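Working notes, structure below.
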């Protein structure tokens with residue numbers, strides 16, 4: 001068999017070596033044992049499916065980065081080991097997608113060169129392992145982190161139009177090796193089957209925009225105001241969470257609300273702390289090693305004041321931004337202590353920002369006394385009560401009676417026939433659709449969604465009309481003056497038509513040229 005035009009023998013031999021791990025030196029060897037069999041075609045199909053499978057996982061990996069800090073915290077609570085697992089995720093995913101992509105490109109080049117697709121057994125083994133690893137990742141995601149499936153659906157509102165263009169482009173390029181294979185194969189049934197499958201997929205892709213809905217497909221003058229920023233435990237990418245430094249950094253980011261968590265010490269002093277144990281965000285293991293595993297509410301205020309609440313931030317580097325801290329900020333970090341609620345209220349009052357908090361742990365036997373101690377500190381602080389946003393559900397009616405000026409924020413959607421209309425809701429961003437956000441906005445209900453760190457997600461919620469978002473990345477979202485993209489519907493329609501028509505013409509050209 002002569003070498004196909006445009007594909008020199010050294011190139012074809014090199015490609016075959018990488019794909020099949022065999023050197024072909026004579027025409028006799030080529031005729032003798034290296035033909036593309038049905039089994040080889042099946043392995044090529046398996047390779048293509050593994051590549052798509054891994055590509056979908058790469059998309060999921062990028063999407064879940066918005067929430068990956070929660071996963072890091074979960075692993076720490078279980079194993080007492082801190083590591084930025086997002087780096088492990090991205091590196092492992094990059095290796096898998098690169099390997100399958102290189103194999104696929106090799107196979108397509110071999111097909112264009114008229115060479116046999118003899119996949120080596122080592123590649124077959126590694127492809128099976130790749131498929132098993134990705135399947136295990138998806139299974140784990142579904143079992144332990146099911147809400148991320150809803151995150152993926154939301155992400156399609158941001159990426160749908162661009163994914164459509166990318167997939168149409170990829171399938172269009174696939175027309176060249178497909179046409180080459182169809183004209184070379186002798187099986188009429190296989191030809192018809194491949195053409196039917198390819199045409200069906202392309203028609204579906206051409207019509208896909210009819211099912212793409214994005215809140216960012218709108219006119220410029222319809223764009224709602226930019227959502228207000230709520231600092232999640234302050235500005236935790238710039239300072240240790242739930243410290244006064246974190247509060248002040250959040251103020252520098254123009255946040256309107258400082259979101260935090262409150263616990264009450266054994267001697268009745270409310271203080272800021274998220275975890276029930278002190279091990280993650282203090283040096284309690286060094287100061288009180290025998291009590292390190294105890295609930296933070298068992299410590300009195302004098303003991304809590306002995307703890308360093310900042311140095312862990314430099315040691316564990318919970319976010320990549322820690323590396324860029326100035327020398328002055330690093331020194332200030334080491335000086336941080338656990339703040340009392342009284343100190344936080346005073347700082348919020350001076351900075352003229354609101355404060356929103358949960359009161360933990362909700363299942364504590366003395367929870368009512370926690371509520372009483374917290375209310376007492378708020379009323380004595382002198383902060384305007386409208387700057388206090390109350391999240392806890394426990395003893396809410398008591399709070400309304402003793403401090404009616406405090407704004408009540410609910411962690412649920414409104415109910416039918418609600419006796420008292422909700423004015424503020426605080427929910428995970430996965431729990432509200434764009435349609436619900438618009439309806440709440442029309443009914444003058446303030447909607448705050450958490451935790452929103454990535455610009456793509458912030459853009460979707462901005463276009464939807466959300467009132468505010470809780471974020472770890474206030475320094476990033478502060479700089480956004482506009483959603484990442486905004487397309488008038490007429491422009492999107494024009495892009496859709498141009499892309500589909502261009503794709504159809506290229507596919508037609510490929511089949512006519514190679515005939």
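Quick reminder: no glycine exception, Cβ is built from N, Cα and C everywhere.
These figures come from a predicted structure and were not determined experimentally.
Annotated features, as they stand in TrEMBL:
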TRANSMEM  41-65  transmembrane segment
TRANSMEM  85-113  transmembrane segment
TRANSMEM  125-143  transmembrane segment
TRANSMEM  163-183  transmembrane segment
TRANSMEM  192-212  transmembrane segment
DOMAIN    227-481  domain 'GP-PDE'
TRANSMEM  493-514  transmembrane segment
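When Cβ-Cβ distances below 8 Å are used as the criterion, the transmembrane segment (493-514) is approached by residues 161, 164-165, 168-169, 171-172, 175-176, 179-180, 183, 202, 206, 209, 487 of the same chain, each at least six residues removed from its ends.
If one looks beyond the transmembrane segment (125-143) by at least 6 residues along the same chain, the residues whose Cβ comes under 8 Å of a Cβ in the stretch are 46-47, 50, 53-54, 57, 60, 64, 92, 96, 99-100, 103, 149.
Sequence-distant contacts of the transmembrane segment (41-65) (same chain, six or more residues past either end, CB-CB distance under 8 Å): 71, 86, 89-90, 93-94, 96-97, 100-101, 103-104, 107, 117, 119, 124, 127, 130-131, 134-135, 137-138, 141, 145, 148, 151-152, 155, 159, 454. Within its own chain, the transmembrane segment (163-183) is flanked in space by residues 108, 111-112, 114, 156, 191, 194-195, 198, 201-202, 205-206, 208-209, 212, 495-496, 499-500, 503, 506-507, 510-511, 514-515, which lie at least six positions past its ends and keep a Cβ under 8 Å from the stretch. A Cβ distance under 8 Å defines the sequence-distant neighbours of the transmembrane segment (85-113), meaning residues of its chain 6+ beyond its ends; these are 3-4, 7, 11-12, 15-16, 18-19, 44, 47-48, 50-51, 54-55, 57-58, 61, 64-65, 68, 71-72, 75, 119, 123, 126-127, 130, 133-134, 176-177, 180-181. If you take every residue in the domain 'GP-PDE' (227-481) and average the pLDDT, you get 96.
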